Each structure stands twice: as C-alpha cells, then as structure tokens.
C-alpha cells in the first residue's frame, strides 16, 4: 500500500474517532444538567455558567485556528452573527434547560429531534411551496410519535410531561428558525467565527436576562454552590459544549460533512442509553414506540436530505 493511501486511511480513521468522541460528549449534556438540577442548581444558573465558561474557550479556539475571512463578507454579517447567537445559544438553550427540569433526559432528547419538522414547516412557508405527500406523511408520523413519547393515552403521564414538552418544542422551533433565517451565516463568516461572536452575544443576553429577573424580584441563586457544583458547570461548558465543537470540526475536515452528520445521528440513542444507565430513567412501552418512531422518521428525513444534497 502506498504511503499516500495509508495517510488517507489514517486521516479517515482519525476523523471518525474525533466525531465518535464528540458525539459521545455532546450526547451526555442532558445527563450532566440533570445531575446539576438534582444537586440544587436552577436552569438559569446552569446556562449562565455554561456561557461564562465557554465564551473565553471559543475565543481561544478562534485565536488558535485564525480562520480567514470568507470573500464577499459584509460588515453587517458580524452583527447578524451576534443576533443569531442570541437565538441559537441563548433563547433556544434557555427554553431547553427549563423544559429539561420537567421531563426525563430521554424524552428531552427525542423532543429536540423534532427541529427538522419546524425547519420543514418554516421553509415551506418561506418558499410558498406545497409539500409532497411523502413529506406530509413524515410530519404526521413524527407528530404522532411525539404524542406517544410524551405518554400517549396515559393522561397522567402525558400531563406530567406537558409543561416540559412545551418549552423543549419551543426550543426546537427557535433553533429551526435560526437555521432557516441565519444558517447561511456559517458559509459567509465561517463556523468558528460564528460560534465566537454568537456565544459572546448569548452570554451578554444571559447576563441581561438574569439582571432583569433580579430587578423584578425573581432572584435565582447564582453563587454559594458547593465546589462540586462548579465542577459540573465546568463539565457542561467544556466537555459537552466546547470539546464536541472542536472534535466535530476536526472530524469534518477529515471525512466530510455528510459522513459526520451520519455519525452524529447516533446521539439520541446514546442519550437514551445514558439516561437509563446513569439516571435510572425508564420509558413505558408506548413511549418506546413513540421515541423509536420519531428517531427513525427524522433520521430518514435527514438521510434523504444528505443523499440529495438538499439545503434549507
């Protein structure tokens, strides 16, 4: 085997390993957050410390990589990146973290998978295009799967999950709106620059949000936590946020975005496994059927999009 071929094999193997580790780390996010909640942290505090710890690390990544500015960039693009960051890194996670306080990590991960459903709806409205029968069937199948995942006809279980589900579905909708309206910014200014500016804006928005809540008398404990809690905050910021970004970035460089997306689809399955192993969470049979249905339909939609090279 020639040296060039061996080099390509090593690159592909390294890229796959990077992506697998990144997916494993990112999939554990809900588990660490759940542990923080069990130790007494509030959703606002978890998100605030995640932002404060992640922002300088994203700027460090920016300085290390020093990505060149893409051609044709406009001055307003950086401001758009900040605006996009408020939605993608502040509002969407805030709704998700609040919702996760009311549902299991398993259910939360499946609900977050619904974002392609919102992307589909927003794109159809934007482009004013009629959907195909196949797409409409997929939408109805996902909606029915989500209904089952929340408890289906078990009224008590369904009601217990409803509050959290509303927040998490809103989080998915906000993220989908970001993808439809601002997804092109990744190509215009680059993913590293978008994350640095966006996360900075999100951190500022989070501090403003907590300040407004404090002024309104809705104080959330932000300090006086035990040392172990700050360790959890650091893990959430570094292990489940920054490290996955770097590993996926390096993995995509080596094996391409399509193969990377295929590997990352294992994330929801890993979260469900973590929830059962580390949190002792369990799903009823109806919920398992619903989660499985949502996973396979959404995965099928994403695979078809990857195969056809379709972009929103």
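From the backbone N, Cα and C atoms, a Cβ is placed for every residue, glycine too.
Pulled from Swiss-Prot, these are the features on record:
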DOMAIN    173-303  domain 'EamA'
TRANSMEM  13-33  transmembrane segment
TRANSMEM  45-65  transmembrane segment
TRANSMEM  81-101  transmembrane segment
TRANSMEM  105-125  transmembrane segment
TRANSMEM  133-153  transmembrane segment
TRANSMEM  162-182  transmembrane segment
TRANSMEM  198-218  transmembrane segment
TRANSMEM  229-249  transmembrane segment
TRANSMEM  260-280  transmembrane segment
TRANSMEM  283-303  transmembrane segment
For the transmembrane segment (13-33), sequence-distant contacts whose Cβ falls under 8 Å of one of its Cβ atoms, 6 or more beyond its ends: 46, 97, 100, 105, 108-109, 232, 235-236, 239-241, 243-248, 250-255, 259-260, 263-264, 266-268, 270-271, 274-275, 278-279
For the domain 'EamA' (173-303), the number of residues DSSP places in helix, strand and coil: 108 helix, 0 strand, 23 coil
For the transmembrane segment (133-153), distant same-chain residues with Cβ under 8 A (at least six beyond the ends): 107, 110-111, 114, 117, 120-121, 159-162, 165, 284, 286-287, 289-294, 297-298, 300-301
Cβ contacts under 8 Å made by the transmembrane segment (45-65) with residues that lie 6+ beyond its boundaries: 33, 36-37, 89-90, 93-94, 97, 192-193, 195-196, 199-200, 202-203, 206-207, 210, 220-222, 225, 230, 233-234, 236-238, 241-242, 245-246
